[in-house]
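Please read the structure below before turning to the comments.
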Amino acid sequence: MKMPTVKYQKGDTVMGRWPGSSLYYQVKVLGFDSKSQLYTVIYKDGTELELKEQDIKSVTGFQTRSRSRSRSRSPARRRSRSRSPARTTRRSSSRTAAAVAATAITESTPSSRRDTRLKDTVEVRLSPVEQTKAAENSSNNKHEKKEENNTASKVIEKSEAKVEAESEKNQGPYNLRRRKADGDAKPAEAKPDQPEKKAKEAAAPSTIPSAPLDFGGKMGAYFWLLFLPAWVLFVILQGNLTDPSLINAPPPLPPLDTFWDAQALCFVILWILFQALLYILPVGKLSEGMPLRSGVRLKYRTNGFFAIMVSAIVVAVAVHQGADLTYIHSHFLQLATATFIISVLLSIYLYVRSRYAASEELALGGNSGNVVYDFFKGRELNPRIKNFDLKFFCEMRPGLIGWCLINFAMALAEMKKHNLDAPSYAMILVNLFQLLYVVDGLWNEEAILTTMDLMHDGFGFMLAFGDLVWVPFTYTLQAYYLVLHPNALSLPAVIAIVTLKLIGFYIFRKSNSEKNAFRRNPSNPKLSHLKTIPTATGKSLLVSGWWGVVRHPNYLGDLIMALAWSLPCGFSHLLPWYYMIYFIILLVHRDSRDMSECRRKYGSAWDEYCRTVRYRIIPRVY
């Protein structure tokens with residue numbers, strides 16, 4: 001049987017069309033599938049795609065066509081120098097042109113290497129003459145004498161009308177921005193006659209393409225906006241029942257006036273303001289975050305450990321002066337309602353202010369164009385009031401430290417209700433375990449700057465509600481449950497649970513420390529023993545230490561600790577095991593998000609990583 005002729009061979013450097021657009025990029029042929037008749041190619045940023053033969057052109061053909069077009073049209077372009085009708089259009093779309101230039105050209109190079117890199121510059125299929133004639137006339141006046149130094153601008157000016165016409169179509173399954181990690185992006189250079197402000201604008205697209213929708217997309221956003229507050233209400237009411245069995249009928253709704261308590265609202269507002277005051281104090285380290293798309297690194301005041309220590313002292317003094325913290329248990333529903341109201345108001349403020357934010361300040365995931373989805377997911381990546389970072393503050397302060405305060409109040413409520421001189425073993429374990437978790441997070445507060453929440457997710461209802469309501473009013477469910485449903489533990493059971501907790505904590509802390517140190521400085525001599533897999537983005541994937549055992553050892557440690565938190569409550573009811581069940585669902589979803597994002601970012605290197613580290617969260621024991 002005669003084999004089909006393959007026009008391009010493995011290893012050939014050709015020009016490949018980006019799917020859904022008219023943009024051609026230099027790619028390398030990796031192989032040809034005779035069955036599907038598709039070529040597998042790899043772009044310079046490591047992205048691998050399968051292209052049809054008609055979507056691939058030879059590099060030589062592009063260079064020849066570019067030179068011939070430049071010669072044939074140069075007289076007309078010279079004549080249009082004085083009164084080009086497209087100058088107004090050119091000025092009005094300068095930001096769009098600069099933005100697309102930043103996405104179409106893979107990276108800017110120093111002038112000393114420009115000549116050698118010109119051949120790597122992308123070529124663009126021209127739009128119909130009616131659409132691009134004016135743009136072509138205008139563009140060449142600027143660049144005729146500086147063709148090599150301004151190749152990116154020339155390419156964009158030829159194609160901006162076509163790209164603008166196709167922009168919405170291209171924002172679907174394809175992302176035309178540079179696919180290196182956000183932190184690798186560099187601001188575009190300013191032209192000699194361009195103001196500094198426009199140079200900053202050129203660092204990011206004027207309209208950011210949205211990432212794929214999470215959490216069920218637009219319809220999922222409606223569901224979560226209704227379900228999350230309803231679930232918090234359900235677990236609070238269920239935990240207050242004498243028999244909180246989930247097979248029973250749902251608890252009846254109390255009268256509406258029982259949800260509201262002005263004193264509870266004042267208490268929540270004072271708590272948030274107190275934490276905000278501790279946050280802005282010039283105490284602690286001023287840490288740099290990861291680079292944004294613009295190349296900027298924001299600074300964060302990481303004094304969370306100081307905040308929890310001061311909070312503990314203030315609470316101890318208040319209890320010594322006669323403050324009754326059991327109020328938190330008896331008004332748990334009202335406090336949750338007040339915090340929910342504040343989270344909604346904060347989410348509305350965040351969405352409104354995001355409408356006026358610059359494009360480079362928006363998160364890719366919350367820029368879908370759908371109001372409800374963007375309100376839920378969050379549009380602005382790092383909303384700040386001067387130097388006060390709202391997302392970072394809410395992530396680490398009022399909810400997380402409030403979690404410990406609520407647990408302590410539940411221990412006092414248990415003692416009061418059952419006339420105890422000290423809390424039960426179960427209550428002590430829950431308080432100590434979760435206090436250790438929070439204190440460790442605040443001691444290593446800088447590590448959160450490398451997490452998905454800070455680096456990628458916008459700040460909207462999802463994080464505002466999660467930080468202020470979900471964490472303090474559902475993560476405290478074990479302590480809340482034990483107030484009315486005590487569970488006696490033997491000394492051997494206590495020792496076994498403590499051992500399990502310490503194992504989980506060790507895995508969690510050790511793996512997170514490895515990840516954070518490697519992300520911040522991969523060339524650190526202390527990390528030279530770690531094995532890595534290089535990627536086309538210039539970064540490396542860690543396949544050593546705990547990250548060589550499973551792909552998410554930090555998730556594994558988290559799950560073991562979650563098990564240790566639930567065991568003190570016994571097995572009489574499923575409700576105190578809610579956190580364990582919820583955490584499994586959360587981590588599976590996060591693992592899925594990580595997998596799709598890393599495969600998109602690292603291409604074939606990620607496939608090699610998955611072959612090297614086979615197990616995702618739970619290692620196989622032989």
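Glycine is no exception: its Cβ is also placed from the backbone N, Cα and C atoms.
Because TrEMBL annotations are produced automatically, they should be read as predictions rather than curated entries.
What TrEMBL says about this protein:
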type	residues	note
DOMAIN	6-64	domain 'Tudor'
REGION	60-207	region 'Disordered'
COMPBIAS	66-93	compositional bias 'Basic residues'
COMPBIAS	94-104	compositional bias 'Low complexity'
COMPBIAS	112-123	compositional bias 'Basic and acidic residues'
COMPBIAS	141-169	compositional bias 'Basic and acidic residues'
COMPBIAS	181-201	compositional bias 'Basic and acidic residues'
TRANSMEM	221-242	transmembrane segment
TRANSMEM	262-281	transmembrane segment
TRANSMEM	302-320	transmembrane segment
TRANSMEM	332-352	transmembrane segment
TRANSMEM	463-483	transmembrane segment
TRANSMEM	489-508	transmembrane segment
TRANSMEM	529-550	transmembrane segment
TRANSMEM	562-588	transmembrane segment
Helix, strand, coil residue numbers for the domain 'Tudor' (6-64) per DSSP? 9 helix, 29 strand, 21 coil
Count, for each of 221-242, 302-320, 489-508, 529-550, 562-588, the Cβ pairs lying under 8 Å from the transmembrane segment (332-352), and report the range with the highest count. 221-242
Here the stretch out of 302-320, 463-483, 562-588 with the most C-beta pairs under 8 Å to the transmembrane segment (489-508) is 562-588
Cβ contacts under 8 Å made by the transmembrane segment (562-588) with residues that lie 6+ beyond its boundaries: 235, 238-239, 244-246, 425-427, 429-430, 433-434, 474-475, 477-478, 481-482, 485, 487, 489, 497-498, 500-501, 504, 552, 555, 617
Residues sitting near the transmembrane segment (221-242): Cβ under 8 Å, six or more positions beyond its termini, same chain? 215, 248, 250-251, 253-254, 332-333, 336, 340, 370, 372-373, 375-377, 461-462, 465, 469-470, 473-474, 477, 480-481, 484, 575, 578
